[in-house]
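Enquirer: Below you will find the structure I want to go over with you.
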Amino acid sequence: MATNTSTLNSTETVLRTENLNVYYGKFLALQNIWLDIPKNKVTAFIGPSGCGKSTLLRCYNRLNDLIESFRAEGKIFYYSKNLYAQDIDPVEVRRRIGMVFQRPNPFPKSIYDNIAFGAKINGYKGNMDELVERSLRKAALWDEVKDKLRQSGASLSGGQQQRLCIARAIAVQPEIILMDEPCSALDPISTLRVEELIHELKEQYTIVIVTHNMQQAARVSDRTAFFNVRPTETGGRIGYLVEYDATESIFNNPKQEDTRDYVSGRFG
């Protein structure tokens with residue numbers, strides 16, 4: 001049975017997941033997820049491959065809707081709004097809840113246009129030069145690219161490209177930034193820079209990060225959710241939440257034996 005210590009004291013809950021079940025066709029991928037995401041904190045999702053971490057992450061900004069066989073039961077609230085209500089526009093959800101993917105994926109455009117493109121699509125009417133600079137500064141990239149804004153985003157190093165993607169997400173003024181293993185394709189120095197950036201960003205944004213790196217989860221997050229997977233009689237695999245608590249508790253004093261085994265490296 002999952003341990004979900006989701007009482008967040010005075011911290012406001014920005015995303016609330018209630019009794020969520022996720023299906024791909026007839027296949028149950030995630031079962032009975034209850035989870036609160038606190039505002040202006042970093043929440044890490046950890047667990048073995050196939051346990052549904054990225055699936056849940058993509059439920060938050062409705063990217064899974066793009067998969068024809070996807071179906072969700074239960075509710076996910078963004079404040080008081082059910083994100084899966086019929087009157088909710090998925091495009092607006094994705095503006096408010098941004099996404100940074102596993103591998104850097106800059107648009108085939110200039111550094112400047114990588115930032116400006118999404119803002120233009122979303123009807124931004126302000127000073128575009130100021131928005132580009134502000135977004136790049138927030139992503140700790142401005143000083144490195146300010147003299148080459150018209151160069152291709154693809155000309156940057158891998159770590160710079162990932163920070164460009166973070167700046168691109170920031171430019172459309174989201175409240176939440178989802179990160180799906182954002183450092184898995186980066187070298188250790190670039191990884192450290194992104195981790196430092198995550199600490200800075202949580203002052204203004206709520207961040208949810210999926211990571212297979214236990215040390216990274218311990219370093220960057222305030223709360224950690226551990227997911228596991230169990231086999232079915234038909235050969236399938238169902239992901240479920242084992243334990244959710246303050247990161248320090250998950251790593252130093254977990255309540256569930258499976259959590260203790262995973263964070264200590266006994267399985268996974």
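Cβ coordinates come from backbone N, Cα and C, glycine included.
According to Swiss-Prot:
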DOMAIN    15-254  domain 'ABC transporter'
BINDING   G47, P48, S49, G50, C51, G52, K53, S54  ATP binding site
Enquirer: So around the ATP site, G47, P48, S49, G50, C51, G52, K53, S54 aside, which residues have their CB within 8 A of the centroid of those CB atoms?
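Expert: Apart from the listed residues, the neighbours are T55, F227, V229, G239.
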Enquirer: Return the average pLDDT for the domain 'ABC transporter' (15-254) as a whole number.
Expert: 95
Enquirer: Just how many other Cβ atoms lie inside 10 Å of the Cβ on K53 (ATP binding site)?
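Expert: Result for K53 (ATP binding site): 26 other Cβ atoms within 10 Å.
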Enquirer: Rank the binding-site residues S49, S54 by how many other Cβ atoms lie within 10 Å of each Cβ and give me the one with the fewest.
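Expert: Among the binding-site residues S49, S54, the sparsest Cβ neighbourhood within 10 Å belongs to S49.
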Enquirer: Please report the three-state DSSP label of K53 (ATP binding site).
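Expert: The residue in question, K53 (ATP binding site), is helix (DSSP, three-state).
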Enquirer: Where's the emptiest Cβ shell within 10 Å among the binding-site residues G47, G50?
Expert: G50
Enquirer: Across all the protein chains here, work out how many other Cβ atoms are within 10 Å of the Cβ of C51 (ATP binding site).
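Expert: That number is 25.
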Enquirer: Reduced to three states, what secondary structure does DSSP give G47 (ATP binding site)?
Expert: coil
Enquirer: Determine the minimum-neighbour residue: among P48, G52, listed as binding-site residues, which Cβ has the fewest other Cβ atoms within 10 angstroms?
Expert: P48
